[in-house]
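J.: Okay, so TrEMBL annotates it like this:
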- B:12-36: transmembrane segment (TRANSMEM)
- B:56-82: transmembrane segment (TRANSMEM)
- B:94-113: transmembrane segment (TRANSMEM)
- B:133-152: transmembrane segment (TRANSMEM)
- B:172-198: transmembrane segment (TRANSMEM)
- B:210-234: transmembrane segment (TRANSMEM)
- B:246-265: transmembrane segment (TRANSMEM)
- B:285-303: transmembrane segment (TRANSMEM)
- B:315-338: transmembrane segment (TRANSMEM)
- B:350-370: transmembrane segment (TRANSMEM)
Amino acid sequence: MIETYIDETTEAAATVAGRLRIDRREFLQFCAATAATLGLPTGAEAAIAKAVEKAQRPSVIWLHFQECTGCSESLLRAEHPTLEKLILDVISLDYHETLMAAAGHQAEAARKSAMKANKGKYILVVEGAIPVAQDGIFCKIGGHKAIDMLKECAADAAAVIAMGSCASWGGMPSTDPNPTGSSGVADVLGKPVVTIPGCPPNPYNFLATAVHFLTFGKLPEIDQLGRPKFAYGRIIHEHCERRAHFDAGRFALEFGDEGHRKGYCLYKLGCKGPETYANCSTIGFGDVGESNWPVACGHPCIGCSEKGVGFTKPIHMTAQLKGMSPPASYPGVVEQQGKTSFVSAAALAAIAGAAAGGAAMLAKNLGKQDDVPAPKKGE
Amino acid sequence: MANHTHAPAPLGGSLFTPFTLLLGTLSAIAGVILLYRLFYGLGAVTNLNDGYPWGIWIAYDVVVGSAFACGGYAMALLVYIFNKGQYHPLVRPALLASLFGYTLAGASVIFDLGRWWNFWHIFWPGYAQVNSVMFEVAVCISAYIVVMWIEFAPAFLEKWGLKDVRQKLNKLLFFFIALGVLLPSMHQSSLGSLLVIFGEQIHPLWQSGMLLPLIYLMTAILLGFAVVIFEATLSSTGFRRQLETPVLAPLAKLMYGLLAAYVVVRVLDLLLRGALGSAFAATWQAFWFWVEMACFVVPLATLATDRARRSAGRLFAGAVLLMLGGFLLRINGFLVGYMTGEGWHYFPSLAELMVTVGLIAFEILAYIYIVRNYPVLPAAQPATR
Amino acid sequence: MDRRTFFKASLAGGTALAAGAASCPAQARETHPMPPEAVGLLFDSVLCVGCKACVAACKQANGMPMEFSTKDQYWDTPLDISGKTLNVIKAYRNGNMEAKDREENGFAFIKKSCMHCVDPSCVSACPVSAMQKDAKTGVVTYDKDACIGCRYCVAACPFGVPRFTYDSPTPQISKCQLCIHRHKDGKYAACAEVCPTGATLYGKVSVLREEAKRRLALKPGEKTEFPRGHLRAAEEKALRGAPEGKGEQRRQGWQDDGAQRYPGVAGQYLQHVYGEKEFGGTQMLMLSGVSFQKLGYPDLPPRSDAATSETLQHTLYGGLIAPIAVLGALTFIARRNVKHEDGEGGQNG
């Protein structure tokens, strides 16, 4: 059915396929998968295909600060398309400390020239938290403080994307007592940015956001924390495959117990699904299907993407439930019950009417007869 | 001084008239519905629900029905306790109406009981729970039904010519008569006491608390008199006999005194509990309260004088109004004023209604049958009109 | 009747009545006290998240059938307790339902199941002892083999708890019996057992009352711990920070539900433990942020209606003294009058 949207003979499709050195089918599958991840309606994959075919590869600067590089690793696991296809041919990844060939001063020079050449048009992706304590001395790259580097790169960027929980809100480095003052990108820049939280986030959350930007020239709809709603619009608890167990009161109480083996709800083991906004349960990790995520593997969600939950609340501490306002079908304090009967009411009215009428008539007739005279004495 | 010419005798005449055929049909319909209820449960036939667990089969058939059957009680009280012999001719017909009224009230209880096969538990030690008002009501009503059959036995014994048995019974009759005054006093007042445990679930206009037994007892006796007047009038008219106004008029005077006392008690009760205010709210309860009060107050006006009480029409109208008043007091207390909680609705289903109607029809039919074939009514006194 | 006879009769009757009344003075039947070993539930509306695990567990533990309220009958969706449902959670809604446990523009959850009153109206009303209150645990039980199906209990209960299976030719009353059928297996109320947040707690009423008071003493937002399942006296002591609590408790791993405590934060409570004094107390206690009347629970005085009703009955009929006295008087009078009539030539009824 994809064939109906893109003409076989279109030169554009052939060009793209040739440039990416993948066959047309694979390319179209990528477009369809991305569109599905974004929750876009059918037909959007055509728009994506058209956008990708454009010769211009936008420049991307990727900064690393207080991070474990897990987010980049997560991206490396992406398969549709494979990351090398995307970063080499769809976008121009001009600066990425882990993946770029250059090192040292060469790398920094490459960054500066890319920023100059694409001024106002490059996408800035930040991975890792930025320490702000003691003037930000706790993280330096090439002698530059992280905080300065971020401000410098963000100044001329077309869009800033915070990749991972660390860049989104501080993440693991910001765990109490947070001696280095690890902060998220938005806090440092003082303005909202797009955030893709998670530890690591699903790579397709990032990829779909980037491709949306490329296709439509703007970012997908985001919430008040900058998270794209297509991925972070619902709490895990609302689309968890073990929700039925929660609703029926079936819980695992200990790792390895009967309930745990049967796949019961992990709420009592501290699952933070009820207060974490993410889509882990829907798309899973590692491209092996939606049943590959922590809860499905038997470990409670730790709320890694949620500020105030992940790396803040103990892993086995009971979660607070968010969004539990009852749906319309939930029984209310007062429910209308019992039956009345119109037919019966009519019948009763008829009977009562007849009786009243009869009684009135009889009384009247009796009244017509003479009053009985007072009994004489002695009778 | 007793009137010698009133020795009771069977009325005779044909049982099959259009009226009795109608009654028979209605009774049969009720019978069929009750059979269905037996096999398919109360829910299949009634609109009873957990907000209104008691419907018209209890509120009307039992509570009102037994009150309407207080003619025998009222007459026994008058004739045998207060020794007003001039009302003697009214005793047997009143007793007969009471007999059927109570027997059918008792039957209605059985029809309404969900687990009716256990009904004997009420009388059985080990099961019977003596603190329950319902226990006392059930035991007294059952005992009273037995007493009434015994009290009425002379009429059957007369017809069957069992003179010896009749004489022996007559020697003991005074004791059964005494029981026949005690037992209704107990259970008619306790039918009101049933409401005490509902507390604030009964609307303040009818939750008279500790005064409930007195209010229900007074209205039961009032209803007894009213029903005697009502049935005597209908009997005379229906069977084309002379009206019994000479006897009914002085009876009405006694009834009047009791009515006045009752209205005083009722109004005082409302005032002392501060409940009268709710009678002026824009609610259905307030509306039906005023209708109920009107039914008691209007006869206070229309039957105030001796002359008024000699008018057969006024007597009948007054009796009907009093019956309606007593009916409303009970229906209001048990249904209209039963504040079961928001969201619950109840109105009897057609089948429920037809059972009540059918039982009343059966009662009337049985009355007509007995009166025609057994010595109940005073000997033939054809209507002068 | 001549004046003399009348006077004698009245005197006799009056004396009898007075004697009867004097010998049984208004025996005010006091509201019953709580049994010493009373067990019950503590329902905390602030902790309840409306998950309905207790509804499902109760159905399963008592073998109750499904109850459908939707066109497509896919799963159990009772709207209220009934002949098929002994326990239900209901939602209070107001305005835009912004905040939990707030009366205006808020929502809250409330449990509905038997209150196991200390002085139950149903037990007093039942004419055949089908409703009974256990003398030791205070659990109000129902025996369908004794029941006659009169529904006086259904009408009498101020909470509207007993329900009836009208749709059966062999109907019966339905109500929570605190899972007494599970006690012999060492189990307790199923609703408390499965509750994930400890909103429904089972235990001795004395211990539950302490826990209720402890929660009301907390400031909203204060960090605290909440128990789940079966609250034992030892654990309550631990919650209050008493040192002997830790020693008493033997940790048996997660299997011991009694030790399932979890840290949390105190909510905003109304300063009222519902069931502490109402009708002499109930063994299901409740805490809430929303007024109980809005949650469907009536405001009841400390004196039970059962006490009032039984006071009336005992005063009038206690020991059958008054009825027998009155019967004596009536018999005397009736005898005289019937004899009198016989004397006039056989005009008798």
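Cβ coordinates come from backbone N, Cα and C, glycine included.
Explain the structural surroundings of these features, please.
T.: Same-chain residues lying 6+ beyond the ends of the transmembrane segment (B:94-113) with a Cβ under 8 Å from its Cβ atoms: 34, 37, 42, 57-58, 61-62, 65-66, 68-76, 119, 138, 141-142, 144-145, 148-149, 151-152, 155, 224, 227-228, 231, 355, 359, 362-363, 366-367, 370-371, 376.
Counting same-chain residues at least six beyond the ends of the transmembrane segment (B:133-152), those with a Cβ under 8 angstroms from any Cβ of the stretch are 66, 72, 76, 92, 95-96, 98-99, 102-103, 105-106, 109, 122-123, 169, 173, 176-177, 179-180, 183-184, 186-187, 190-191, 193-194, 196-197.
Tertiary neighbourhood of the transmembrane segment (B:172-198): same-chain residues 62-63, 66-67, 70, 72-73, 76-77, 80-81, 133-134, 136-137, 140-141, 143-144, 147-148, 150-151, 154, 206-210, 212-217, 220, 330, 333-334, 338, selected by CB-CB distance under 8 Å and a gap of 6+ residues from either end.
Tertiary neighbourhood of the transmembrane segment (B:210-234): same-chain residues 67-75, 77, 90, 93-94, 97, 184-185, 188-193, 195-196, 243-244, 248, 251-252, 254-255, 258-259, 261-262, 265-266, 269, 312, 315-316, 318-320, 322-323, 325-326, 329-330, selected by CB-CB distance under 8 Å and a gap of 6+ residues from either end.
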J.: Same-chain Cβ contacts of the transmembrane segment (B:350-370) under 8 Å, 6 or more residues past its ends?
T.: 15, 20, 22-24, 26-31, 33-34, 36-37, 45-47, 55-57, 60-61, 65, 96-97, 100-101, 104, 107-108, 111, 376
J.: Cβ under 8 Å to the transmembrane segment (B:246-265), counting only same-chain residues 6 or more beyond its ends: which ones?
T.: 78, 86-87, 89-90, 211, 214-215, 218-219, 221-222, 225-226, 228-229, 232-233, 296-297, 299-300, 303-304, 306, 309-310, 312, 315, 318, 322
